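If you look up TrEMBL, you'll see 24-325 marked as domain 'UvrD-like helicase ATP-binding'. The ATP binding site annotation in TrEMBL covers ALA45, ALA46, PRO47, GLY48, SER49, GLY50, LYS51, THR52.
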Amino acid sequence: MAIPYDPASFAKDRIEAGASLLGLELPHEEQWDFIQQMISLDLQAAPGSGKTSLVSLKLALLAQGWRSATRGVCVISHTNTAKDEITARLAAVPAGRSLLQYPHFIGTIQSFVNTFLALPALRSLKVEIQTVDDEAYAAAALRLLDRHPRYRVLKGTLERQRDGRQLVSEARFVCEGRHLAVLTTRTLPFSAETQSGKQFDDLKRRLARDGLFRYDDMFAIAERHLARNPTLAEATESRFPFVLLDEMQDTSAMQQRLLDKVFAAGHTVVQRVGDVNQRIFDDRADPQSSASAFPLPLSAELPVSRRFGSKIAALASDLTVHRPQHIEGAGPEGTIALLLFDQDSVDQVVPAFEHLASSLVPQPLLLHNPPRVLGARRQPGTSTKFPQSLACYVPSLTYVGHGETRGLVIAAARAAQDERRLEGR
């Protein structure tokens, strides 16, 4: 399927003019290759390689030569921060502004699935959407469990389970063939044929009929909609002949499977960009992990980083565990420091790092971005491993209560990545 654009949009003089508008330098052949390629590809980008700037330039040039009023460019990112960064850059360029409206789409993978697949499917079933939100769903599910006499047996059974309430609050749909099944965080302590099993399934489906869903439910509903409507994927490909997927390293196996089904025919040009070595989640243990998982073996690369110099680049290259990559440092040299500690000195790690930062980082920058401590566990619990938690490093850390720390490390890590992107590009 031909892409409705003017190939002259990617002529050398137009690329140079567009780069000048965005304040972007293009000294490397790999940058030119990515901008000018209009075939399906994967791009493995080193940290600080200017990936987002290149993506924005490419999209602005493509918008300049777009020739269809009904078929558009689709840009999918993993986070709202990345989406907002791309739209802000496009809004700064006259040609790029056209991508911010119909027939084009720029948004997160969640909003893409909701807009074009899941919500139309639910509307066709006459379901009135109340909310798509994990926390709102959890509150509604537990409220229904506690108050409705219909689920009294289920409530009594779950009260004997350590994680009984979590089993209800995190129940989700998965698509099995052309139908929706209900799963949760682990195998249920009762069979589907028991009274508790039937009530568990009924509670989930009752909330769905009332329009209350978790984020993951939308992917299952979208997948079922595709299975029941074989022409839907083809129509989506026709609607978007060019798709750019940003932050591919954070796309889960579930999300990848759905994208594979949407663009399975290969009529759409799909370009995927990201850095697999900055991946937060690891789906390799997922038995359904796709053979199309990012990046494919013959992917293109952006190996030059302007975030740090050659010494840090050499060390970072040795740490590219998911996909080996030789990173070339073209930024400030910086300093490499290795902190060694044992159980007697673990509480000195944070002060030592703060002292190191104060001696190396300019004071204004340090005041704006002070050192932060991340960890998956705030309190040691019953663990006997060392270090057990953040409390080992910061003994005065205040306990925040069970369940209140869920997702904090992921959220903090994402926030740190977003800040680096915004400051370094």
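The first residue you see is number 1, and the count goes up from there.
For all residues, glycine too, the Cβ spot is worked out from N, Cα and C.
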What DSSP gives for THR52 (ATP binding site), in three states, is helix
How many neighbouring Cβ atoms, not counting its own, are there within 10 Å of the Cβ of GLY50 (ATP binding site)? 23
Measure the Cβ-based neighbour count of GLY48 (ATP binding site), defined as the other Cβ atoms within 10 Å of its Cβ. 24
Three-class DSSP assignment, ALA45 (ATP binding site), comes back as strand
Minimal Cβ count within 10 Å, across the binding-site residues ALA45, ALA46, points to ALA46
Counting other Cβ atoms within 10 Å of each residue's Cβ, which of the binding-site residues SER49, THR52 comes out lowest? THR52
Summarise the model confidence on the domain 'UvrD-like helicase ATP-binding' (24-325) as a single mean pLDDT, whole number. 94
Surrounding CB atoms that lie within 10 Å of the CB of LYS51 (ATP binding site), all protein chains: 23
